[in-house]
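Undergrad: Below are the C-alpha cells for one structure; questions will follow.
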Amino acid sequence: MARLGFGLVSCTFFLAASGLYSSSDDVIELTPSNFNREVIQSNSLWLVEFYAPWCGHCQRLTPEWKKAATALKDVVKVGAVDADKHQSLGGQYGVQGFPTIKIFGANKNKPEDYQGGRTGEAIVDAALSALRQLVKDRLSGRSGGYSSGKQGRGDSSSKKDVIELTDDTFDKNVLDSDDVWMVEFYAPWCGHCKNLEPEWATAATEVKEQTKGKVKLAAVDATVNQVLANRYGIRGFPTIKIFQKGEAPVDYDGGRTRSDIVSRALDLFSDNAPPPELLEIINEDVAKKMCEEHQLCVVAVLPHILDTGAARNSYLEILLKLADKYKKKMWGWLWTEAGAQSELENALGIGGFGYPAMARINARKMKFALLKGSFSEQGINEFLRELSFGRASTAPVGGGSFPAITAREPWDGRDGELPVEDDIDLSDVELDDLEKDEL
C-alpha cells in the first residue's frame, strides 16, 4: 500500500498558518536547522509526520500523533515537520500530500513510508515493530545503527558523486566547463569538514540526479593542493566556493545540511538552465518522453486553429512563460489541438469544460489533475502552485495506462483556412424557370 498519495488528500479549508504542536507536547518539532542533527545523525528510530496546518486530515491526526508520542517517549522518537512552512524539507523526501509519515530506521538516508492506520494504537504498534526489526538487524550484523555515510574521506563508496579535484585537474574540469560547480576546500584533520562530509556526499548524489549533472559538487584537499588554496585565498576550513563560467567565484554562505546544499544547487541550476521545451504531441515518442522521463508533465489542449487563429500564439506564449517560471520543477510540457488526440482527451476527461484545457499527469502513478479555473497566466499559475503544495485533487488516468497517441503532422505556425467552396456555374440556369418555380 503506497503512502498517502497526491490524490487522496482532500484538505478543503484553511486555518491560520500556525503549527499543530507546541513545546509542551512529546512530539518533537523538526525544521531544516535541526533535522540533520536530531534525525539523520541519531541512532534512534524516528517516526516523522510531514503536515500542513490547514489540512483537515492532519488536524484529525494530531491528537493521535500526540498520544503515540507520549506512549513511545524514551523508546522511539516521534517528530513533526510543518512541510507547508519548510517546503525544502518536504521536497527532499518527496512529500506530495498531507499528512505523510516516514520511518527513519537504521539507514537514515532511506526512510520507509508508514502504511498503517491513523490511530495512536496503530502508530505505536508500527513503531514497536520497526524497533524490533532494527534490533534484530543489529544482532545479526546487518546494521550498525547510524549509517548516514560518515565513513571518512578514504571510503569512496560514501562519496561516489563528489568529484575530487587537484592542482592538476581543477582548471580543465571547473574553469573550462559550462556546468556550475560547488567546490569544498577542506583539511582532513578539520572537525567541521568531517561533520560536513556526509552531508556533502549525499547532496552530491541528489544534485547530480535532479540537475542531470549540470551542477557538480567537488572537493579539494587544501593541505595538499596549496596552489589552489593560495589562488582562492583559503584561510579556514571548510570553505565552499561556487564557480560559474565567465564569472568570478563566490563564497557559499548557506547552511551546511544536505537540504541547504541541495536547495542552493537547485537555485543555481534554475538560474542557469534554459527554459523547458514546449512540444506539440505529434507522436507517441514525444508524449512518452516528456511524461515518462519527468516526474510530472503538463498537457494543454488548445482550441482548433479555425476557432482561434492568431490567438493560438498567445496561448503558447503563456505556456512558455510558465514553463520558464517553473523550470526548477523539471516538468515536461506538451500541447495538442482539440480533437487531435481524442484518446488522450478521453483518458483525462478533457472537453467537459471546453477549450482550452489543461491537465497535469503523473505517468508513474497514472494520476492526473485538471485545470478548472481560467486558462490564463494567473489561472494556470494558481493551478500549478496548488499542485506544488499537494492541494489539488487528482483522479486515475482512464484505462489505467498511458493512452494511445495518434501520429500527425506538426502545426506549421500559420492560421487555419476554411475550405474553399466550388463556384457554381449559373450560365445554364434559365431565370424564367426560377420564376416559375417561385410561382
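Glycine residues also receive a Cβ, built from the backbone N, Cα and C atoms like all the rest.
Annotation comment: Swiss-Prot describes 20-133 as domain 'Thioredoxin 1'. Per Swiss-Prot, disulfide bond is recorded for Cys55-Cys58, Cys190-Cys193. Annotation source Swiss-Prot lists active site, nucleophile at Cys55, Cys58, Cys190, Cys193. Per Swiss-Prot, domain 'Thioredoxin 2' is recorded for 151-287, and the stated evidence type is sequence analysis. Here Swiss-Prot flags Arg256 as site 'Lowers pKa of C-terminal Cys of second active site'. For 436-439, the entry in Swiss-Prot reads motif 'Prevents secretion from ER'.
I would like each feature placed in context: is it buried or exposed, what are its neighbours, and how far apart are things?
TA: Across the range of the domain 'Thioredoxin 1' (20-133), the DSSP-based residue counts are 42 helix, 22 strand, 50 coil.
The Cβ neighbour count for Cys55 (disulfide bond), using a 10 Å radius over every protein chain in view, is 25.
The Cβ of Cys190 (disulfide bond) has 16 neighbouring Cβ atoms from other residues within 10 Å, across all protein chains displayed.
According to its DSSP assignment, Cys190 (disulfide bond) is coil.
Non-local neighbourhood of Cys193 (disulfide bond): Glu184, Tyr186, Ala187, Phe237, Pro238, each in the same chain, at least six residues away, with C-beta under 8 Å from its C-beta.
Within 10 Å of the C-beta of Arg256 (site 'Lowers pKa of C-terminal Cys of second active site') there are 16 other C-beta atoms, taking all protein chains into account.
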Undergrad: Per-residue pLDDT averaged over the domain 'Thioredoxin 1' (20-133) comes to what?
TA: 91
Undergrad: Can you count helix, strand and coil residues in the domain 'Thioredoxin 2' (151-287) using DSSP?
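TA: Helix, strand and coil residues of the domain 'Thioredoxin 2' (151-287) number 56 helix, 27 strand, 54 coil.
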Undergrad: To the nearest Å, how far is the Cα of Cys58 (disulfide bond) from the Cα of Arg256 (site 'Lowers pKa of C-terminal Cys of second active site')?
TA: 30
